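Trainee: Dropping a structure here in structure tokens format, bear with me for questions.
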Amino acid sequence: MVKFSKELEAQLIPEWKDAFVNYWQLKKNIKKIKLSRKPNNSDQTHHHHHHHQEIPQFGVSIFDPVRYVFKKISARFLNSRDHQREIIQVTNKNGGSPGGDDEALYQTELLHLVSEDEVKEFFERLDEELNKVNQFYKRKEREFLERGDALNEQLQRLLELKQILSDRRRKNHQARSDGGNLPRSNSSSVRSASDYSESGTEIDDINSGSSPTEDVPTTLERNGVNFIGSARTKTKKGKPKSGLRIDIPATTPTRTITAITSMLWEDLINNPKKEGPGDFFNRKRIQYAEKMIRGAFVELYRGLGLLKTYSSLNMVAFTKILKKFDKVANERASGSYLKVVKRSHFISSDKVVRLGDEVESIFTKHFANDDRKKAMKFLRPQEHKASHMITFLVGLFTGCFVSLFSVYAILAHFSGMFSATNEAGYMETVYPVFSVFALLSLHLFLYGCNLFMWKSTRINYTFIFEFSPSTTLKYRDVFLICTSFMTAVVGAMVIHLILKSSGFAPTHVDAIPGILLLFFSVLLICPFNIFYRSTRYCFLRVIRNIVFSPFYKVLMVDFFMADQLTSQIPLLRHMETTACYFLAKSFKTHEYEVCQSSKLYKELAYVISFMPYYWRAMQCARRWFDEGDVMHLANLGKYVSAMLAAGARLTFARQPDHLWLFMVIVTSSMATVYQLYWDFVKDWGILKPRSKNPWLRDELILKSKSIYYVSIVVNLVLRLVWIESITHFPNRVMESRLLGFFFASLEIIRRGHWNYYRLENEHLNNVGKFRAVNTVPLPFREMDADD
């Protein structure tokens, strides 16, 4: 049977850990009570033995069992009479009724003199915990209720605007047909009706609560309605509100363009005779607004679910700890205290449950076309269960990979593939392609290790990256992708080697790496729902956001992935070599130097080395633009310094003279110092001189401090790997290539190691702010009359 403390640790909401009952501290208090009672008993027994030490103890009396039973019965009888009296009385210091809206503060008084201070200390701690839980619950409940009211208001405005646009479209259509104009194709009007809602809800079927009158469009025109400017709406009491503005955050280029073009077409909206482009952009804006409101409802529902979990887990914790107290102290205090706990706000309040039911019904009606099953897929996404088949396949593919790699090594040795005659051709043709796969699979393997560590240390990576629980990868899934990937690659390497040494035409054999590359590229964009389609598409979407980084709002997953790319520059260089090799058809002509001597190839090498740093710098610029935090500009400087260092190293590799050696040392040293400072202080949040953990931070997730110190040294050493690249250049092609591959692997290992602490720091920031639910921005806001 699992201890409750372990169950609580596994089930509690990590970001709210400090707000839960401190069950572990209360257990320590109970242990103190237990220990305080033991010495008394031992003293008595010792004293008893002291007085009767003359009487020799020869053996066990036959009456001992009878005496023992009699003693137990008499003790139980006495206790039952004694414990009819309550030993505690819990009162509300503020005088309010328990469970009321005022701030109830509970205080326990001991009705009988208890000899131990430990009992008094236990109840003082218990009161503190009960008050803490109540206050946190009230605060969160108030937040969610306010959010619910705001969302209801937003939904009503959305429905009104959709109804207005729907009526207006109908009137425009009638006006055109009555005026004898040529009828427009019906497809556009059908499209516009369904465009309002992503969930496919028909506009005419939605009851907006207040049916608009016939002359709504005319009234709107008279008041100068535009959905960017102000739409006059009325409150329930009939008083006119201030203007209404639709704020669609410019998170994507499409939204930005929509916002700008809607402003340009603003004046066309007031003309009821035309359905101008402005009308189309307003429909798009309403569609975006609906998507935002839907997302906000999903997050609200998630928050309410977390609060229900918080309430029930704390109730179980109070019950368990009081039962422990009764057992240890041989008292009956749990009954009366639990009555107070059940009457307290976090258990007695049903507002969260009621709001949860209301959100369910609203979401089902307006966002799921009255399909409850569909609504629940959004509101309660189910995590996919780990399958034993995945574990089996991981083991199978790992075995296949190891076996095939051993076969490859033996074949390569006997066929003399790495001898002086064959080496150059082999390293130019096969090496770059297989290096891409090897570096990628190493990175995948380390990401799987990251997922395993985050899960085992309760770091909520799903929430941090805003992944969907139903489609997010588990560490076993990542290991399966990695092992199957490498098995296929090493299998292709073995086939390539066998065919080449068997005397097949090199023209056909050297195309095998290209075929493999093509196969995996097709698999990545495969539209069928096989081999983790949602993850593949999420990956492509994130890469798109990175490549067009200044135009997309930067999310955590975007800049985290861009950081991974800065460690994969050798892989991008290999991709450039491979592309050149196959595009120049070198695998047919076997003229390997074509790519190396090309001027364009050399210039592209600079571009490819700069690109990941440039993308990351652009993301920093966008974050500074959005948030106004100057630290993002300082971070941008770090990537600019890294670009300079990469450029200097590349030039030095081409012309190794003293000037460029000096430039490499200067730029790389500056970049390394900058990067190390940012790694430790900003990304990992350590090196705090006044921390209670020397030179770390106050909160640490890993129990052993020594691991953090080792990690600092490891990160420092791996950041200095560039020194070796300027001091040692082997003569043989194979040696230099393998050394390059080894350094590229070290950088990927450093990045995988960095990932864990980066997310640990992010998680602790969320814990410090009790942030377990995303706050989705809302589209409609009121404007003052002078806006």
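In case you wondered, yes, glycine gets a Cβ from its N, Cα and C as well.
Note that the structure is predicted; figures quoted are calculated from it, not measured.
TrEMBL lists 2-339 with the feature domain 'SPX'. Here TrEMBL flags 168-248 as region 'Disordered'. The annotation transmembrane segment is assigned in TrEMBL to 390-411, 431-454, 475-499, 511-532, 659-678, 706-722. The domain 'EXS' annotation in TrEMBL covers 596-787.
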Trainee: Mean pLDDT, the domain 'SPX' (2-339)?
Mentor: 69
Trainee: Quick test of the contact rule: Cβ under 8 Å, at least six residues beyond the ends. What residues does that give for the transmembrane segment (475-499)?
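Mentor: Contacts with the transmembrane segment (475-499): 386, 390-391, 393-394, 397-398, 400-401, 404-405, 407-408, 411-412, 415, 417, 430, 434, 437-438, 440-441, 444-445, 447-449, 451-452, 455, 508-509, 512-513, 516, 520, 532.
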Trainee: In terms of Cβ proximity under 8 Å, which residues at least six beyond the ends of the transmembrane segment (659-678) contact it?
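Mentor: Result: 635, 637-638, 641-642, 644-645, 647-649, 651-652, 715-716, 719-720, 722, 726.
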Trainee: State the residues, same chain only, that lie 6 or more residues beyond the ends of the transmembrane segment (706-722) and have a CB under 8 A from a CB inside it; answer 'none' if no residue qualifies.
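Mentor: Beyond its ends, the transmembrane segment (706-722) has Cβ neighbours at 645, 649, 668, 672, 675-676, 679-680, 686, 693, 696, 700, 743, 746-747, 749-750, 753-754, 757.
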Trainee: Do any residues of this chain, six or more beyond the ends of the transmembrane segment (511-532), have a C-beta under 8 angstroms from a C-beta of it, and if so which?
Mentor: 429-430, 433-434, 436-437, 473, 477, 481, 485, 488-489, 492, 495-496, 499, 539-540, 578, 582, 587
